[in-house]
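J.: Input: one structure, supplied below.
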Amino acid sequence: MWRGSQFKETKLIILVDVGNSRIKLCELNNEDINAPFNSTTADADAALRIISVSKPSQVLVSAVSDEQFCERLQQLCKSEQIIFRRLGTASCNTNIQIGYQRPEQLGVDRWMAVIGAQELFPNKNLLVVDAGTATTFDLLSADNRHLGGWITPGINMMISALYRNTTQVRGAITTPDSLSFADNTSDNVNHGCWSMTVGAIQFAKIQAQQLGVAVDLIVLTGGNGEALLPHITSDAYYEEKLIFIGMAKCIDLNR
Ligand SMILES: Nc1ncnc2c1ncn2[C@@H]1O[C@H](COP(=O)(O)OP(=O)(O)O)[C@@H](O)[C@H]1O
Ligand SMILES: CC(C)(COP(=O)(O)O)[C@@H](O)C(=O)NCCC(=O)O
Ligand SMILES: [K+]
């Protein structure tokens, strides 16, 4: 459960991750990052209220969506004399060599996830998968080279696109335990779309191998990351706070 931090005296930093579906907040207190508070992007007011009540010294933002929320947040920080910092992919000092031709084009959330993964598992070949609104794949080599990645529709986006664009394909959106071949429409869709993502993860490993970067570990995050874990047959780790770990690292690196 989220607790405001009005009683703490240490310098509190609030980390904010603005995705295409949800806004998430974490408190960074010294080294500790607490469990994220999630709100739908529709409930931006709740996120702003928390920041107002918590009275942090600084707010650090990683945003790939909702410019209107970011502007409101910046205004709030200005009026409450809170330092406001917005991270950019190209502006965080790190020893990771970025794999994009134009670094600023890579979503800052992906870059924070890569930095977070390196922090957790240094000197390993990592496949970082963020299964959110979109599912992103980023390859990080043990010698700190980001080797690019993929963007696919997120699992829920695939499922809802199928329902929206067909007449007879109707059903629910579920988080299946099994991805077996199914005997009804709804399970066909859900098992199929989850399998698309599991299959892409397996094929990403083959791609990495062909680059000479055999994946040591798959690092999962995002709203569907934990539910993907049991379907992955190779070494995999789920970290809800991956983006926040990356953001906290950026603070360290830029002190
Ligand atoms: N408890 C949950 N609340 C909201 N979305 C969830 C939840 N569990 C799984 N999801 C799925 O995760 C996706 C959102 O993931 P998230 O990582 O928060 O996205 P983003 O960073 O793009 O805002 C949605 O497609 C949603 O269906
Ligand atoms: C790919 C994304 C939409 C993923 O966002 P999310 O699913 O976390 O909301 C986001 O990282 C983004 O807008 N990236 C910019 C394009 C790129 O990374 O190449
Ligand atoms: K994502």
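Cβ atoms are placed via backbone N, Cα and C, with glycine included.
A quick note: this is a predicted structure, and the numbers were derived from the prediction, not measured.
From TrEMBL, here are the annotated features:
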- Asp17, Val18, Gly19, Asn20, Ser21, Arg22, Ile23, Lys24, Thr133: ATP binding site (BINDING)
- Tyr100, Gly107, Val108, Asp109, Arg110, Thr185: substrate binding site (BINDING)
- Asp109: active site, proton acceptor (ACT_SITE)
- Asp130: K(+) binding site (BINDING)
J.: Just give me the nearest neighbour of Ser21 (ATP binding site) among the binding-site residues Tyr100, Val108, Asp109, Arg110, Thr185, Cα to Cα.
T.: Asp109
J.: Measure from the CA atom of Gly107 (substrate binding site) to the CA atom of Gly19 (ATP binding site) and give the result in Å, rounded to a whole number.
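T.: With distance taken Cα to Cα, Gly107 (substrate binding site) is 10 Å from Gly19 (ATP binding site).
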J.: Given that the record lists Asp17, Val18, Gly19, Asn20, Ser21, Arg22, Ile23, Lys24, Thr133 as binding ATP, what is the largest C-alpha to C-alpha distance among them, in Å?
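T.: Maximum Cα-Cα distance: 14 Å.
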J.: Give me the count of other Cβ atoms within 10 A of the Cβ belonging to the residue listed as 'K(+) binding site'.
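T.: Result for the residue listed as 'K(+) binding site': 29 neighbouring Cβ atoms inside 10 Å.
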J.: In sequence order, what residues of the same chain, 6+ apart, have a Cβ less than 8 Å from the Cβ of Thr185 (substrate binding site)?
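T.: Spatial neighbours, sequence-distant, of Thr185 (substrate binding site): Gln168, Val169, Arg170, Gly171.
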J.: Given the binding-site residues Asp17, Ile23, Asp130, Thr133, state which is nearest to Val108 (substrate binding site) when distance is taken between Cα atoms.
T.: Asp17
J.: Out of the binding-site residues Ile23, Asp130, Thr133, give me the one sitting nearest to Arg110 (substrate binding site) by CA distance.
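T.: Smallest Cα separation from Arg110 (substrate binding site) among Ile23, Asp130, Thr133: Asp130.
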J.: What's the CA to CA span in angstrom from Gly107 (substrate binding site) over to Ile23 (ATP binding site)?
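T.: On Cα coordinates alone, these residues lie 15 Å apart.
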J.: On a C-alpha basis, identify the one among Tyr100, Asp109, Asp130 that is nearest to Asp17 (ATP binding site); the candidates are the binding-site residues.
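T.: Given the candidates Tyr100, Asp109, Asp130, the nearest one is Asp109.
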J.: Going through the binding-site residues Ser21, Arg110, Thr185 in sequence order, which have a CB under 6 Å from an atom of ligand 1?
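T.: Ser21, by Cβ distance under 6 Å.
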